[in-house]
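Colleague: The domain 'NADH:quinone oxidoreductase/Mrp antiporter transmembrane' annotation in TrEMBL covers 23-284. The domain 'NADH dehydrogenase subunit 2 C-terminal' annotation in TrEMBL covers 290-343. Taken from TrEMBL, the feature transmembrane segment covers 5-21, 27-45, 57-78, 93-115, 152-171, 178-196, 202-227, 239-257, 277-298, 319-339.
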Amino acid sequence: MNPITLIIIYFTIFMGPVITMSSSNLLLMWVGLEVSLLAIVPLLTNKKSPRSTEAATKYFLTQATASMIMLLAIILNYKQSGMWMFQQQTNNMLLNMTLISLAMKLGLAPFHYWLPEVTQGIPMHTGLILLTWQKIAPLSILYQIYQLLNPTITTILAITSVFIGAWGGLNQTQTRKIMAYSSIAHMGWMVAILPYNPNLTLLNLVIYILLTIPMFISLMMNSATTINSFSMAWNKTPMILAMTSTILLSMGGLPPLTGFLPKWTIISELLKNDCSILSTLMAMMALLNLFFYTRLIYSMSLTMFPTNNNSKMISHHTNLKYNLILPTLTVLSTLTLPLSPQLTT
């Protein structure tokens with residue numbers, strides 16, 4: 001693709017969520033969502049293959065449907081109240097329509113079916129944008145209207161997302177699908193705490209992005225599209241193997257690592273609000289997530305791919321480019337738990 005075209009596309013993708021976050025007018029928020037949707041479609045179809053075309057079509061149809069529902073809710077709200085913002089007296093049906101449309105955009109269960117398929121059919125770097133940057137705009141709208149949302153519906157969306165994200169990732173062999181189901185589970189955690197403490201939703205989002213970026217970078221450096229292809233990582237990039245294993249454990253939420261912070265704070269906040277059953281179920285499902293992360297670590301570090309290559313350490317013969325982003329993000333995504341008193345106050 002032409003470099004100037006790429007710059008325009010990436011700038012537009014960057015500006016979409018910025019427009020949504022910085023506006024208090026619902027119509028402008030919707031415009032921001034549409035800008036980022038239309039800008040990412042050319043990136044999805046950059047590799048001319050039937051799978052990428054199918055992924056782009058699924059993504060566009062799902063997101064366009066969600067945008068249509070949201071626009072209908074915005075127009076009906078303006079017709080009823082004469083304002084471009086939701087108020088306390090706004091009809092509950094309009095708020096529920098907006099919540100469902102944003103759930104479709106985020107890939108929350110039961111509107112999640114498009115996310116693993118689309119992520120599987122597109123390149124790794126576009127998948128990274130899809131699972132991180134594209135989540136910011138819908139979550140920022142939910143953050144602004146959280147007091148008006150129906151807590152029963154948000155809890156149902158959250159618990160189904162946590163369940164689907166845990167059970168769906170168990171049987172996967174494709175790394176991109178595993179990351180997609182991991183994203184569904186993380187979104188479930190964010191929405192679960194939204195009615196009680198939306199600041200923890202933002203904290204969880206930031207930590208989720210800090211964990212997902214280095215994970216995708218390591219996948220791209222190893223060209224690891226399946227679990228089996230990861231079993232050559234110890235041979236090619238032994239240091240990245242150690243980093244990736246630590247990031248995966250952090251994503252699972254093990255205590256000494258940064259990934260434990262959002263789970264700890266969310267469960268303690270839910271318990272303060274007498275949601276003991278919900279927090280127990282979410283903690284149990286987090287163990288299933290940890291299981292398939294551990295399975296990735298097992299295939300990377302404890303299995304040996306069959307090879308007739310006599311030299312076992314290819315890493316000594318390959319001159320890899322220096323990557324300063326990966327170690328920095330690995331430190332941020334694993335060792336910032338001591339900052340938790342500053343982050344949670």
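Using the three backbone atoms N, Cα and C, a Cβ is placed for every residue, glycine included.
Keep in mind that this is a model prediction, so the values were computed, not measured.
Are these features on the surface or tucked inside, and what are their neighbours?
Modeller: Looking only at the domain 'NADH dehydrogenase subunit 2 C-terminal' (290-343), the predicted model's pLDDT averages out at 75.
Within the chain, the transmembrane segment (5-21) has long-range Cβ neighbours (under 8 A, six or more residues past its boundaries) at 28-29, 31-40, 42-43, 129, 133-134, 136-137, 140-141.
Counting same-chain residues at least six beyond the ends of the transmembrane segment (27-45), those with a Cβ under 8 angstroms from any Cβ of the stretch are 1, 5, 9, 12-13, 15-21, 52-53, 55-56, 59-60, 63-64, 67, 70-71, 74, 84, 105, 118, 122, 126, 129-130, 133-134, 137-138, 141.
Only residues 6 or more beyond the boundaries of the transmembrane segment (57-78), in the same chain, are considered here, and those with a CB under 8 A from a CB of the stretch are 26-27, 30, 33-34, 37, 40-41, 44, 84, 86, 90-91, 94-95, 97-98, 100-102, 104-105, 111, 114, 117-118, 130.
A Cβ distance under 8 Å defines the sequence-distant neighbours of the transmembrane segment (93-115), meaning residues of its chain 6+ beyond its ends; these are 33, 58-59, 62-63, 65-67, 69-70, 72-74, 76-77, 80, 86, 135, 137-139, 141-142, 145, 148-150, 153-154, 157-158, 160-161, 163-165, 168, 180, 183-184, 187-188, 191.
Beyond the transmembrane segment (202-227), the same-chain residues lying 6 or more positions past its ends with a Cβ under 8 Å from any Cβ of the stretch are 124-125, 127-128, 131-132, 135-136, 139, 143, 173-176, 179, 182-183, 186, 189-190, 193, 233, 236-237, 240, 243-244, 247-248, 250-251, 258-259, 261-262, 265-266, 295-296, 299, 320, 323, 325-326, 329-330, 332-333, 343-344.
Here the transmembrane segment (277-298) has Cβ contacts under 8 Å with residues 155, 158-159, 162-163, 165-167, 169-170, 172, 175, 178, 182, 185, 188-189, 192, 227, 230, 244-245, 248-249, 251-254, 263, 266-267, 270-271 of the same chain, all six or more residues outside its ends.
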